[in-house]
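Peer 1: Okay, here's the structure, questions in a sec.
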Amino acid sequence: MHQTLLLLPGDGIGPEVVAEVRRVAEILVPDLKFENGLVGGASLDQHSVPLTDATLELARRADAVLLGAVGGPKWINVARDKRPEAGLLALRKGLDVFANLRPAYCFPALVDASSLKRDIIEGLDLMIVRELTGDVYFGEPRGIDTDANGYRRGYDTAVYTHPEIERVTRVAFDIARGRKGRVCSVEKSNVMESGLFWRQEVTLTHAEFGAGVDLSHMYADACAMELVRAPKQFDVILAGNLFGDILSDEAAMLTGSIGMLPSASLGAPGTPGLYEPVHGSAPDIAGQGIANPCAAILSLEMALRWSLDREKAADALYAAVGKALDKGARTRDLGGTLSTREMGDAILAAF
Ligand code: ATP
Ligand code: MG
């Protein structure tokens, strides 16, 4: 039985970096089957919607989905629900991916390129697990209206249910078991009821499903500080949607280039994960063949690890990227001169 990887290149530099993912995957996992689909502006142009039902169905049936990027200036005036970005949201919703994984690590060859001191980031390897479908981004009621005193007001609702917290917490525990075994759960239980509930539920989930995992808790503001002061103290950070959003962007900046950062979004066990580089469609450099393909290639690495059960191939790919960087392979964002394709070549040559 062949495993299927659905490639959704999308817009801007998406197709350029996903082409390198495919080249690498064809060599590394020759038995993997590929499918292709449109998402974002590319789908909008062809089908008048940013994600068709047929493409969503392909995604649901795949073992993993690898997306390039969506959006660009061409579609800036399109109605909100038809924007390229709506295609990505529909995909996340359609696959019910509720755990967003964003690693922050720095390849040894790039440590000196960071603006942070060597001893702060050398050997840095942390994973942020962010809940992706709940919290203040989706809670009801929300709105802008006038209150009883006649004042205009804007408001949202931060809410988490027991199953929402339990399922993402279990993902964090599973991930920690394959790492250093430590999870730091982050909230503001000192000032928020939803935060207090989060801490209680994570603690209960730990008692039931946390064997072998060392759980600690931290307030989100303290965590933001600690991430900059001493990020190596963390193994896995578990957070709700809002704090996870902020902390994962903060952690991303520890490691330097946006061209190096992958992400994964996971749903229930046995359902396809969605893998994508953290960067966007980068319209300013699209079509020039100079984008760094590493973030997309490292997203493949995550797909091999978390959806396709091919840990050895994942390890080999991670090592090859590190080796290519050690040998000096650099795209422009890393201060070098290699094209997207040449960077792909350098990684292939490092196997
Ligand atoms: P989005 O709204 O889609 O997230 P954005 O404007 O926030 O887009 P990006 O599209 O990620 O961000 O681009 C931010 C900057 O980083 C741009 O100058 C872009 O050229 C650069 N950049 C992004 N990805 C890469 C890459 N893979 N290689 C080189 N440079 C990149
Ligand atoms: Mg952005």
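Every residue number used here counts from 1 along the chain in the order it is shown.
For all residues, glycine too, the Cβ spot is worked out from N, Cα and C.
According to TrEMBL, the record shows the following:
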- 72-85, 280-292: NAD(+) binding site (BINDING)
- R92, R102, R130, D221: substrate binding site (BINDING)
- D221, D245, D249: Mg(2+) binding site (BINDING)
- 4-347: domain 'Isopropylmalate dehydrogenase-like' (DOMAIN)
- Y137: site 'Important for catalysis' (SITE)
- K188: site 'Important for catalysis' (SITE)
Peer 1: Work out how many Å separate Y137 (site 'Important for catalysis') and R80 (NAD(+) binding site) at their Cα atoms, rounded off.
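Peer 2: Here the two Cα atoms are 16 Å apart.
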Peer 1: Checking the recorded positions G72, R80, P84, K188, A282, A286: which ones have Cβ within under 6 Å of ligand 1?
Peer 2: A282
Peer 1: Taking the Cβ of each of the binding-site residues and counting other Cβ atoms inside 10 Å, which one has the highest number: I76, A282, A286?
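Peer 2: Most Cβ neighbours within 10 Å: A282.
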Peer 1: Which recorded positions from the set R102, K188, D245 have a C-beta atom lying less than 6 Å away from ligand 2?
Peer 2: none
Peer 1: Going by C-alpha positions, which of the recorded positions (R102, K188, D245) is nearest I290 (NAD(+) binding site)?
Peer 2: R102
Peer 1: Provide, as an integer number of angstrom, the distance between the C-alpha atoms of G72 (NAD(+) binding site) and R130 (substrate binding site).
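Peer 2: On Cα coordinates alone, these residues lie 26 Å apart.
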Peer 1: List which of the recorded positions R80, P84, K188 have their Cα within 10 Å of the Cα of R130 (substrate binding site), in sequence order.
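Peer 2: Of everything listed, nothing lies within 10 Å of R130 (substrate binding site) (Cα to Cα).
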Peer 1: If we count other C-beta atoms within 10 Å, could you say which of the recorded positions R80, R92, R102, R130, K188 has the fewest?
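Peer 2: R80, out of the recorded positions R80, R92, R102, R130, K188, has the fewest neighbouring Cβ atoms within 10 Å.
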Peer 1: Count the other Cβ atoms sitting within 10 Å of the Cβ of D221 (substrate binding site), across every protein chain shown.
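Peer 2: Step by step: centre on the Cβ of D221 (substrate binding site), count other Cβ atoms within 10 Å, giving 13.
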